[in-house]
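Note sheet for the following structure.
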Amino acid sequence: MIGNDRWVTEIETGPVTEARPDTNAREPGDRTPAAPPAATPAATTDQLPEDRYLNRELSWLEFNARVLALAADDSMPLLERAKFLAVFASNLDEFYMVRVAGLKRRDQMGLSALSADGLTPREQLGRIGEQTQHIASRHARVFRDSVLPALGEEGIYVVTWADLDQAEREQLSTYFHEQVFPVLTPLAVDPAHPFPFVSGLSLNLAVTVRQPEDGGQHFARVKVPDNVDRFVELGGTDTDGAEGAAVHRFLPLEELIAAFLPVLFPGMEIVEHHAFRITRNADFEVEEDRDEDLLQALERELARRRFGSPVRLEVADDMTEGMLELLLRELDVHPGDVIEVPGLLDLSSLWQIYGLDRPALKDRTFVPATHPAFAERETPKSIFATLREGDVLVHHPYYSFSTSVQRFIEQAAADPNVLAIKQTLYRTSGDSPIVRALIDAAEAGKQVVALVEVKARFDEQANIRWARALEQAGVHVAYGIVGLKTHCKTALVVRREGPVIRRYCHIGTGNYNSKTARLYEDVGLLTAAPDIGADLTDLFNSLTGYSRKLSYRNLLVAPHGIRAGIIERVEREVAAHLEHGPQAGKGHIRLKMNALVDEQVTDALYRASQVGVRIEVVVRGICALRPGAEGFSENITARSILGRFLEHSRILHFRAIDEFWIGSADMMHRNLDRRVEVMAQVKDPRLTAQLDDLFESALDPATRCWELGPDGQWTASPQEGRTVRDHQVSLMERHRSP
């Protein structure tokens, strides 16, 4: 399954300076031409059109619409469709908490800086509101009209109070009085009771009650508790479901509470009740002061997060006008921030339904294979001995994280010849074996350094806990460089081998998280190459001390080196292409990433396209680049692959200059300017062949994907009736454990 903590994307914060408005027309994306057009004179940025960027906010909404398309796809296993409905909802929550909140702050402050496509914050907010209302309504309809009936056919029902018979109502009455009623707190609003604070993302009932004596009406709010299952399962299930499976009947918790409102308001007449949900601004910045403890500053800001200003109000579409006006007034919400939903609010709760033990309704179980280089034979093989023989590239989740990267750290912790372990930690699992190994290593007397990024959004509290646990065990914990997030995925092991000190390294695209490593697609390089070991030594010295090294032997490091390094390689690719003659078609750039937004990198790609370099982009989420546009991007194609696993790796290939790079950085402002990121060159021909195979599979014309047109619209590909292959399924079959 896909974890419900952070599935599909990370939301960028900071300057909102990218974009181009969306349009209504949808046209199929063009295929990569067999032969590029003839070369045209090289262009400067001034010669590129002003409308060359797509709007990054609307592009993100298009991405979430692709997630919704998976939920609407009846060829998907049914509970996987329910999962994608939950993913869509969680994604949209975070988008409003961060991106929309940032735009609202800029609008309220009167900041008039335009996005890259020339829109003001207010104009972007207007377009976001329109597009969100459309896709949120479609989201609700997919659940109500497609997934919900299909669940019923499989013996899984989400019912209303009106659907229940008397015996079921009596059963739920007992449950309500014993399990729910004690945790409810009805809050009245009158001169003695001000309007209550409504916490972000909480589900609530807005209730109007009438006094029988004088007919006076009053408002009250009832919070639906979030520590009780959202879907209350009725007991007494049988096995009349599909193929003898158990029947499950669920009642939404808010329906149960609504049925017993007279118990909460005895002696009052219930006039009306409606569900609503508010989203609050969670886009805060920690003011880092060299004289203040970062953890204390962060904890102070986390306490403020729950009190952020409202950025969205979700209501059932049957809410009365009077009730809506009251909520708008009391919650201080702009009418343009209201999303009317035709059905249940907060479908992120569908993770509960996904958790049912119905394997026939889910993806087939996949067990990652152990990489052949690390496969145990008669005796367990030392990872250090393996790396002395040559570099290893691991592709997760197809190759196991636990028997490669995790084992690398665990063996280092247990090896008496290991002198030091240094590692960056951005997001890790709650019961992290990586953190446990670091603690064991420190307790065994090794020098252990952990660079813990406590500012990883929405994981701050967990990272603070781990940082303190590591410190208590004797680990040297550092928090990086003031003003920068440390996002790179690097580990360095220093080992004594006779008279020699040897360094072993891991550089990856994904977090050191054994749980998400089963769900996220990532690549990692394990190596004993001396130049990379020397580079990582310099990098950790920079992160933990006062070193400010800007250049490295075999790495590109942000915020100073990645953008310039990539643009330099694009320009070298152009030079090699022109040297061999444009008709030879030698220039060819392939990029795989989560997001492509940065204007300088995008312009470099446009200029390469104009001289005939072929450029293929595989981007999971946001893409501000306009492919296939006449005059500047005819030789660029862009596609997006979504599926069972979250495509998370960042891989760059420059064919004419024969360079492959992997790393943690997407082409976004936050990654290139406000984070410590690392990209490493992969040189071993055995490993570059593996990366080449990955690109060939992702870019196969028959691969199931969406293709981006110059108008900013994504079109499903291949077209109906053509042969279709699934990139991820193909890789699973290739790597499936026996």
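Note that Cβ sites are derived from N, Cα and C of the backbone, with glycine treated the same way.
Summarising the annotation, Swiss-Prot assigns region 'Disordered' to 1-48.
Look at Swiss-Prot and you will find 19-30 tagged as compositional bias 'Basic and acidic residues'.
A coil conformation is recorded for HIS648 (ATP binding site) in the three-state DSSP classification, outside any helix or strand. Swiss-Prot lists ASN91, TYR520, ARG620, HIS648 with the feature ATP binding site, giving sequence analysis as the kind of evidence.
Per Swiss-Prot, the feature Mg(2+) binding site maps to ARG427, ARG457.
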Cα proximity to ARG457 (Mg(2+) binding site), best match among binding-site residues ASN91, TYR520, ARG620, HIS648: ASN91
Separation of alpha carbons, ARG427 (Mg(2+) binding site) and ARG620 (ATP binding site) (Å): 20
Binding-site residues compared (ARG427, ARG457, HIS648) - highest count of Cβ atoms within 10 Å: HIS648
Cα distance (Å, whole number) from ARG427 (Mg(2+) binding site) to TYR520 (ATP binding site): 13
DSSP three-state assignment (helix, strand or coil) for ARG427 (Mg(2+) binding site): coil
Surrounding CB atoms that lie within 10 Å of the CB of TYR520 (ATP binding site), all protein chains: 23
Reduced DSSP assignment, ARG457 (Mg(2+) binding site): coil
Surrounding CB atoms that lie within 10 Å of the CB of ASN91 (ATP binding site), all protein chains: 23
